[in-house]
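K.L.:
For reference, TrEMBL lists these features for the protein:
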BINDING   9, 10, 67, 68, 69, 70, 71, 100, 110, 133, 137  D-ribulose 5-phosphate binding site
ACT_SITE  66  active site, proton acceptor
ACT_SITE  99  active site, proton donor
Ligand code: RB5
């Protein structure tokens, strides 16, 4: 069973705590990469810690919580191999897995309540990647990620 990496800043902390209880109720394992305090802090540090756990394989995926999810996702997506999506409803969470093989989910504690967040997490965790035609598109993203270019810079 894949371990879910969790991380938040001070704004996302209460949502992260609620999601821990939800994951436990489902029998899913998690690891918390901070913050563990309501003191104001800088979200990129905690996003980065969760990213490392996913890249190294210690965790299969991650759920990040900040005010909107945006800052955490922007920070996480700077690292090659990370596909982090901000979601405020379950449909996008499911499709980000099925079509984009997303490996990190970012949630906004100022946007979604804990009940909706738990539904979004469930859709994210329970939806498999479909592969097939979608893999070609992920390969193109990988090319951009690794080279900064697409098709050698010719576009298309
Ligand atoms: C903190 O005020 C806030 O900027 C942060 O939680 C997050 O929303 C950033 O994207």
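Quick reminder: no glycine exception, Cβ is built from N, Cα and C everywhere.
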K.L.:
List, in residue order, those recorded positions out of 69, 99, 110, 137 with a Cβ under 6 Å from any atom belonging to ligand 1.
P.N.:
none
K.L.:
Within 10 Å of the Cβ of residue 71 (D-ribulose 5-phosphate binding site), how many other Cβ atoms are there?
P.N.:
21
K.L.:
Per DSSP, to which secondary structure element type does residue 66 (active site, proton acceptor) belong, with helix, strand and coil as the options?
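P.N.:
DSSP assigns residue 66 (active site, proton acceptor) to strand.
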K.L.:
Please work out the number of neighbouring Cβ atoms within 10 Å of the Cβ of residue 137 (D-ribulose 5-phosphate binding site), leaving out its own Cβ.
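P.N.:
Taking every protein chain into account, the count is 12.
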K.L.:
Around residue 69 (D-ribulose 5-phosphate binding site), which residues of its chain at least 6 apart sit with Cβ under 8 Å of its Cβ?
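P.N.:
The answer is 86, 87, 88, 106, 107, 108, 111.
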K.L.:
Taking Cα atoms as reference points, rank the recorded positions 9, 99, 110, 137 by distance from the residue listed as 'active site, proton acceptor' and give the first.
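P.N.:
Going through 9, 99, 110, 137 one by one, the closest to the residue listed as 'active site, proton acceptor' is 9.
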K.L.:
Find the one among the binding-site residues 9, 67, 71, 110, 137 whose C-alpha lies closest to that of the residue listed as 'active site, proton donor'.
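P.N.:
For the residue listed as 'active site, proton donor', the spatially nearest of the binding-site residues is 137.
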K.L.:
What is the total of other Cβ atoms whose distance to the Cβ of residue 66 (active site, proton acceptor) is within 10 Å?
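P.N.:
Residue 66 (active site, proton acceptor) is surrounded by 29 other Cβ atoms within 10 Å.
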K.L.:
Checking the spread of the D-ribulose 5-phosphate site as listed (9, 10, 67, 68, 69, 70, 71, 100, 110, 133, 137): what is the longest Cα-Cα distance, in whole Å?
P.N.:
40
K.L.:
On a count of neighbouring CB atoms within 10 A, which of the recorded positions 9, 99, 110 is highest?
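P.N.:
Counting every other Cβ within 10 Å of each candidate, the maximum falls on 9.
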K.L.:
Near residue 67 (D-ribulose 5-phosphate binding site), which residues of its chain come within a Cβ-Cβ distance under 8 Å, counting only those 6 or more away in sequence?
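P.N.:
Residues satisfying the criterion: 9, 11, 12, 108, 109, 110.
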